[in-house]
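What follows is one structure encoded as structure tokens, with my remarks underneath.
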Amino acid sequence: MSLWARFRGGVHPDAHKTTAQCATKPLPRPERVVLPLRQHVGAPCQPLVKKGDEVALGQPVGDTDAPVAAPVHASVSGKVAAVEPRLSPSGRMEQAVVIEAAPEDTPWVGLPAGLGWDLDPELLDPAFIRDRVRQAGLVGMGGAGFPAAVKLSPKPGSEPDVVILNGAECEPSITSDHRLMLEQPERVVLGLRLFMRATGARRGIIGIEANKPDAAARLSQLVAGDPSIAVEVLPVRYPQGAEKMLVWALLRRAVPVGAIPLDMGVVVQNVATAAAAATALAEGRPLTDRIVTVSGRVQSPGNWRVPLGTSFVDLVRSAGGLTGSLARVIAGGPMMGMAQADLDVPVTKTTGSVILLGPEDLDETPAGPCIRCGRCVSACPMGLLPAQLCAAALNSDWAAAERFHVRACMECGSCSYVCPARRPIVQSIRLAKFELGRRARQGRG
Amino acid sequence: MSKTESGELLVASSPHLWAGVSTGRIMRDVLIALAPAALGAVCFFGWRAAAVIALSMGTAALTEWGCARLMGKPSTLADGSALVTGLLLALTLPPASPFWLPVLGAAFAIAVVKVAFGGLGHNFVNPALAARAFLLAAFPAAMTTWTSPFDAVTTATPLAVLPNPFAREVLAGDLPSYTDLLLGTVGGSLGETSAVLLLLGAAYLLVKQIIDWRIPAGFLATLALFAWVFGGTGGLFTGDPLYHLLAGGAILGAFFMATDYVTAPITARGRWIFAVGCGLITALIRLYGGYPEGVLFAILLMNVVSPLIDRFLVPAPFGGVKGRA
């Protein structure tokens, strides 16, 4: 137990983990999937198929030579109905491959065959593991969507010594990682070993918030004989699952602004990404589905294994339909997730949960003036001055925003969560970042 | 089940959760915390005290509402900050105040100090304290007519009779005891006499994490230290720090005035500087100044400095910045 391992700031929202005891169920196969060609941070993929093509389950439908990207695979067998811009949960229109599902999935053998579940990571070549991780289209499934293979390819001179698996799941309402750790702990551990082998790291740590003792116990049991892997229980404090907080809590290494954990010798991957990597190498299966928590105003909230590209509409239907009227749909957690303009958007690699809120769940207290109470300052895990950042952004004082380190903000939302005046703090910070980015690009061009 | 069927979906920026502690709730907590001292004042000084408090709060609220009306803006009365200002001002007034005094003061506090500078969050000095300074400058006689609790005998405020080697008359034997100061059975402003009742409210605010402990701690510790070192008649280290803490407005000021969010710095380090500054100026004025208004002017002066403190104290982000020391 490393319950002492606290980071500065943070908040403690009610957990609302009402679906923690809901075993993962398979979602009925959708009739149609919409696969955005950008489901990751970085360059979008180019389509590899065109309208009318027959595709098999697991067949790549998009890829690119760009260094920071991950291919996208068909999550059902069927016929390509369209390759066109569709609304993605990111809020953007993204080029997407739309597939009409065939009556049954046909097995497809295009990916290299799996190595079986008794594979020994120590016998594999690190480059082989990285290649498979890339081919399988793995990205950070915790929500960030950073291509997993890129993280496993350290620059010369920065050899990581630790791989951390992020099982904190600090966002309220989400239980998909929790269920994964309980139901498929072997995959999580195998994934960790593969990542350690791929990076040459000698230590592996699985960090889990203390509100998931069953998952921590299961994983501890599995790694009991392995001194190189530790399961660490972390304090329940949002945003414990933020990379920099996790690295600090577990290793007492502070990652500077502008640096990444890799600069401090640490690779951080989500537990779901690790499990997907294990599946990719053992079964030869690319990333075509993920666990999604559906919670809020639906008849039967729970956890589902969902083919990527499935519409939120199908998810809600499987969860028994809506109870009452719908006011806000969030893809991801209530602290950092994206509000959706339409329910007909697809589940992507980074969609850990879909939260459906009614008007009664939303507090419409209007924004008032900042009373400079400093609650945002105490809550900011990055040690910033959110009130000052907000004021600078709303005054279009971009220089001041920079002076107050606007770029260090990870948009965790702790400041807005505690603000008694309901200031649009995160929103204004995003505006400042956008504006500064635009100016930087203009300056260069 | 698209949006047409389900009604309009609200798209808003994350986070989609809120802790639910609003400005109004904070102000209500401050009112609750001041209630013991206010009720104590009514007990000690009778119905006159109740009238002063009611007039001050009523005028503050009315002025806030009226200003919004005049400017054609929505009323900001609901946030409760005007009532807090009204109550705080009342607690700094003498029990024998003529009734126009709280009315004038509260109207000045809200209209001139607060609304004229942009309303809640934009005033650069504490409205209640600024109003008290105004009344003191304009009506010194009315502001310094003190009465003893339970009877209406005019008396001196303890601070005016504190042993003072420099500026003040020494009236030995005339000092109230610690017990009197703690309970509030001494002359003085309505709400600053009973340390016990004020500390009760302060404890409430600290427990509910409404105020930052650094400000009263830094303020009172600095004042006590300075008073102990330099405040005695028998040379260095002969002063009476406890007396300085209990007498006058030190407790009211340190817990309820200096902690005013709007006019204090926003960072922890800034608040330490602010608090020490308040303590130091209070001690300087009390020991070497001409009249016993240390707390008032110390806080007002530090209010003016606090934007500067905030401007120059920008903490480094967590982990520092890459490429910089």
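Note: Cβ is positioned from N, Cα and C throughout, glycine not excepted.
Record features, source TrEMBL:
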TRANSMEM  B:30-55  transmembrane segment
TRANSMEM  B:99-117  transmembrane segment
TRANSMEM  B:129-148  transmembrane segment
MOD_RES   B:T157  FMN phosphoryl threonine
TRANSMEM  B:181-207  transmembrane segment
TRANSMEM  B:219-237  transmembrane segment
TRANSMEM  B:243-263  transmembrane segment
TRANSMEM  B:270-289  transmembrane segment
TRANSMEM  B:295-314  transmembrane segment
Long-range Cβ neighbours of the transmembrane segment (B:129-148) (under 8 Å; 6 or more residues past either end): 45, 88-89, 92-98, 101, 104-106, 108-109, 112-113, 154-157, 186-188, 257, 293, 296-297, 299-300, 303
Interface present between the transmembrane segment (B:295-314) and the transmembrane segment (B:30-55) (three or more C-beta pairs under 8 A): no
Of B:99-117, B:270-289, B:295-314, whichever stretch has the most CB pairs under 8 A to the transmembrane segment (B:243-263): B:295-314
Intrachain residues whose Cβ lies under 8 Å of the transmembrane segment (B:181-207), provided they are six or more past its termini: 29-30, 32-41, 44-45, 49, 52-53, 90-95, 146-150, 155-158, 213, 216, 243, 245-249, 251-252, 255-256, 259
For the transmembrane segment (B:99-117), distant same-chain residues with Cβ under 8 A (at least six beyond the ends): 51-53, 55-60, 63-64, 67, 82, 85-86, 89-90, 93, 123-125, 127-128, 130-132, 134-135, 139, 142-143
Residues of the parent chain within Cβ reach of the transmembrane segment (B:270-289), under 8 Å, 6 or more residues beyond its termini: 159, 162, 164-167, 212, 214-227, 230-231, 244, 248, 250, 253-254, 258, 264, 295, 297-299, 301-302, 305-306, 309-310, 313
